[in-house]
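Everything below concerns the one structure shown next.
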Amino acid sequence: MPSSPPEPVGQCESDGRAPGGCKFASQAMRQECVKPGDVLFDFNSPGRGQDVDNVDSSASAKGVEASPLGRKSSSLTAGLHRLNTSADDNVMLSARLRWRVGSKFNYACQREHSTTIRQQNELNAAIHNGSAKDPSLSGALSGRTIAIKDNIATKDSPITAASKALTGYTSPFDATVIKLLRQNGASISAKTNLDEFAMGSHSQHSHAGPVLSQHSRSGVPLSPGGSSGGSAVAVATGQCWAALGTDTGGSVRLPAAFMGTVGFKPSYGVVSRWGVIQYANSMDTVGILAGKVEDARRVFGCLDVFDGKDPTSLSASVRRHAAQRQPLGRGLRIGVPLEYNIAGLAPAVRSAYMRTLGLMQDHGHSLHPVSLPTTRQALSAYYVLAPAEASSNLAKYDGIRYGYRTQGPDASPKSGLPLYARTRGEGFGEEVKRRILLGAYTLSSEAIDNYFIQAQKVRRLVQRDFDEVFTQLNPLLNSDITTGSGVREEQGVDVLLTPTAPTLPPTVEEVKRQSSVESYMNDVFTVPASLAGLPAISVPVKLSGGGDEMVEERDVQSVGVQLIGQFGDDQLVLHAAALLEHIDREV
């Protein structure tokens, strides 16, 4: 049984915009490792940077109107009384503000109006009357607006994978994660823009046009990261309280790092994928973007539920086993991977990373060098496995049952191409075509042994590397299978701390000049955790000011650092992220 709808769900409304070109993304870098002795740095003089404002204040400082629906319901109701206006007026005002910001940054493909108005009216009536007929009105997410990446099914509006191939399709059902959000009182504020079929690192490969960051360098907008760039921009500009994205090789964590938000990828199988358009089934994970770690934890608590419709959903027994792990009665043992300290690490990123390690050590947590030798092959393995799965998943988009269909008869004698080939050629963007061709080749009889099978072996080695460095055992493995320091309290580590991206976000003009291989290098630090299915979170930390790169006032003022935990240790990763966030903000 498939974990997502048997048919695609989506249409990309361009609102009169010209379709965006399929350019390439990322900042070039070299995958060269420095000496192991250079991994543990001198922490005696960590740099200091300017404080990072919270989401609402940063949006206000940049002249962006934050959505009133992102605040607590009590504050919203008080505002309604003061203004003596109706809920409809205020919700429509919020929608207009979101439309203005969305038009500027192109973060949304569709905006939800009627559903938000209905839910807000019910919420206000419940507050006035002191009671709620609908239990969701008093749920954990009551009054919160959440944006949804447009490859997640919603039945009350067309859903898009930012592709022309999905024109004209609306899902007859909600994805499981949408049902859970609504059961807990959340309002869906928008369907956010993305790279077509979630294939990209900078959200530039969208039929609705590229997503732009509110940050700029020399007057040129920066990349928002991808593929969940629209969700990250929505959170960073205050258009929603939180947002959902999907993370296959870093598509939640990379945008979070580039936009200065929190981006959390849970363990594979913890959050249901049913109703999510597939890219690479064995790695796709629904992730959360938010302004604070606590907000991400709150959303995750509502989504951490077994789903019988998703065959990859973790069973109740595995969830109970993970929940029984004892809380730490000591400081964190933080692993510093030798292989992540590469020569291509930008000075500003390296300086912020060093400063963060020093701060964690100063607050009683210990640092331990660890080796993950297969990290060097992880990116290559990912770009064999993911396109292979994508080529299979995208075979169903043929223009016959749903979505875009080319004009003319089923067969064209002039071109010699049948309906199926012409439809796919016109409906898919250049990056999607590239990955389909790459995946089809690696699965062919002449290449499968040399590419696909070898990549699967590398993936297993990546998983083994991680299992050998963590204190906790992998709950999916027997204790006699896992060997090495991971089984010993005195030698293992609780979490790994790495940079999220090797560079600061490039400008969109720099993105256009990158080759496809250079664009793929941007995922070098995020892919290993995806291959192993581990929980990982990107947390923004202040630029230290110690690097050689000068940062303009309108440029990004933070760098993303990534925490990775053992499979099933999602709560520990969130706990470590909250500690890191608190330490960075108090400095």
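Using the three backbone atoms N, Cα and C, a Cβ is placed for every residue, glycine included.
Just so you know, TrEMBL annotations never went through curation; they're auto-generated.
Quick caveat, the model's predicted, so the values are computed rather than measured.
Annotated features in TrEMBL:
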| type | residues | note |
| --- | --- | --- |
| ACT_SITE | K149 | active site, charge relay system |
| ACT_SITE | S227 | active site, charge relay system |
| ACT_SITE | S251 | active site, acyl-ester intermediate |
| COMPBIAS | 218-228 | compositional bias 'Low complexity' |
| DOMAIN | 124-574 | domain 'Amidase' |
| REGION | 45-72 | region 'Disordered' |
| REGION | 199-228 | region 'Disordered' |
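Everything TrEMBL records as a feature, shown here on the structure.
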residue: K149; record: active site, charge relay system; Cβ neighbours (10 Å): 33
residue: S227; record: active site, charge relay system; Cβ neighbours (10 Å): 37
residue: S251; record: active site, acyl-ester intermediate; Cβ neighbours (10 Å): 35
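Distance between Cα atoms for S251 (active site, acyl-ester intermediate) and K149 (active site, charge relay system): 11 Å, as a whole number. Annotated pair K149 (active site, charge relay system) and S227 (active site, charge relay system), C-alpha to C-alpha distance, rounded: 9 Å. Residue counts for the region 'Disordered' (199-228) under DSSP, split into helix (H, G, I), strand (E, B) and coil, are 0 helix, 5 strand, 25 coil.
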